[in-house]
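Annotated in Swiss-Prot:
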BINDING   Gly14, Gly15, Asp16, Gly17, Ile18, Gly19, Lys20, Ser21  ATP binding site
Amino acid sequence: MNNLKQGKFITFEGGDGIGKSTQAQMLYEYLKSQNTHVILTREVGGTAVAEKMRAILVHESLLPMSELLQAMAARYDHMARKIIPALQDGHVVICDRFIDSTACYQGLELENGIDLVYNLHKILMPSLMPEITFFIDVEPDTAIERVNSRNMSNKFDIRGIDFYKKVYDCFKALSNRFPERIKTIKASDLSPPEVHELIKKHL
């Protein structure tokens, strides 16, 4: 745990309905209990401006390139106003979604879009990538059942199983592309506390 006493950037990734936000919250609470200076944030969002952009992104019908640029603009504000200052102050930053979600939700809709997402990120913030990313691996059929049981929904929630499978395959591909950064946590048959224990082993 000593390596978390200085600033460290941790992200949680995966499709909807996988328990990703739950795990981010559990890790946040655990690190606080260890007297670690830690903040929990999310994307798209995390700042007042970025949250306004999020509302447009998740509810309005945008052209694919417009959607990507909206997500990137929100991230820039989030990084500049919140993430970077916290890291500079020595905090651990836990973020519920980051660049990999943009690749799998917005990048997939564009030709060569995934590479475009990472190239844009290098231009905007060339030195900021997570030290570790947890991909919560839950089968799409299970994930969509969980989403359908929720009362709230946005345009991504209602796209159907084919969309969920496409996003899932994208995250799997990214975990193979960036194996040193992305740690896959197979969670389909595990309880939240069991998943949390697996995550702690990587810290």
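Just so you know, glycine gets a Cβ as well, placed from its N, Cα and C.
In the structure as shown, the Cβ atom of Lys20 (ATP binding site) sits within 10 Å of 26 other Cβ atoms. Shown in sequence order, Ile136, Val138, Ala143, Arg146 are the same-chain residues outside Gly14, Gly15, Asp16, Gly17, Ile18, Gly19, Lys20, Ser21 whose Cβ sits within 8 Å of the Cβ centre of the ATP site. DSSP classifies Gly14 (ATP binding site) as coil under the three-state reduction. The local packing around Gly17 (ATP binding site), expressed as other Cβ atoms within 10 Å of its Cβ over all shown chains, amounts to 19. Cβ-based crowding with a 10 Å cutoff singles out Gly15 as the top-ranked of the binding-site residues Gly15, Gly19.
When other Cβ atoms within 10 Å of the Cβ of Gly14 (ATP binding site) are tallied across all protein chains shown, the result is 28. Around the Cβ of Ile18 (ATP binding site), a 10 Å sphere holds 27 further Cβ atoms from the protein chains shown.
Around the Cβ of Asp16 (ATP binding site), the number of neighbouring Cβ atoms within 10 Å comes to 22. Within 10 Å of the C-beta of Ser21 (ATP binding site) we count 15 further C-beta atoms, all protein chains included.
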